[in-house]
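Just below is one structure, and these are the notes that go with it.
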């Protein structure tokens, strides 16, 4: 069973997302014909899927691999340099090269950024192997590496040629990674009331990993993101900002833990709860709404407990570095109801007061 949808960005060529019930890498062959191919993956995914992927490629391709360490802390300049050096050492040229990102969000982000900057832009293909990367980071063209002072601070908007993925990857995906991915899925439920209702009615099947339901879940998640990206690919109008619900708080959590604590999806889960509480603090939603929204998050196995190893001062400083901020104004994606999120400006003092009473 295959589900296919199209992403139509504002400024970039359209491309397809292919969601498969089985794992058939032959779907990407048309995109690598007569190409030099560099497969970028990590040590974990390489052991599971690299051999199968390489076996699916035709014999006359010039194929190289670049295997990075696994973890958010390796989404770094050093890892980027390793990819670029591999390209240069093997004389990969702009018009004949395609990068393949075989892995989760870290691999997709860093490979996409390498593709964006190598010789001013080369083709790349996304093969996301985690739920989170399937529904979020592989779609929409955001590519980046982290800096010691902040997450995703060095990057570019750069779209892939195609996204191919399969729910078969879940067979080797740790449960913690699956639940982390569900946080990004639940985020879309707050953006779309129809999806909120669909998730609510299919919760048991999702948690049981029913194949047909999961394909539909991934497809619907990608459709929501694709619709937003089509309106505001490069975050010029503010429409795309709603995709960052939970991320202002979440990114600060990751930064404070040096990207070695909560996984990205876990941090987003906590971040959404923080954004919900902040919305209640500001009078945008009632106490009962805040409880209901947080209960919905938790019902999918997602923890919303704030880490106890983060001090408020450090957390506040990390939030001040958020990319949405401008002219010393803090910007947050806040919620007024299911399907009603908005980008709002708040003062540093307002945030400090909220943090004082919420700890």
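Each residue's number is its place along the chain shown, starting with 1.
Each Cβ is built from the backbone N, Cα and C atoms, and glycine gets one as well.
Keep in mind it's a predicted model, so treat the numbers as computed, not measured.
Less than 8 angstroms from the CB of residue 70 (NAD(+) binding site) sit 42, 43, 44, 45, 106, each of them six or more residues away in the same chain. Under the heading NAD(+) binding site, Swiss-Prot lists 70-75, 105-109, 129-130, 142, 151, 169-172.
According to Swiss-Prot, the Zn(2+) binding site annotation covers 184, 247, 264. Listed in sequence order, the residues of the same chain lying 6 or more apart from residue 184 (Zn(2+) binding site) and placing their CB within less than 8 Å of its CB are 131, 132, 135, 136, 221, 265, 268.
In the three-state DSSP reading, residue 130 (NAD(+) binding site) counts as coil. The binding-site residues examined here are 130, 172; by Cβ neighbour count within 10 Å, the least packed of them is 172.
The Cβ of residue 105 (NAD(+) binding site) has 25 neighbouring Cβ atoms from other residues within 10 Å, across all protein chains displayed.
Residue 108 (NAD(+) binding site) and residue 264 (Zn(2+) binding site) have their C-alpha atoms 14 Å apart, to the nearest angstrom.
When the alpha carbons of residue 264 (Zn(2+) binding site) and residue 172 (NAD(+) binding site) are compared, the span between them is 19 angstrom.
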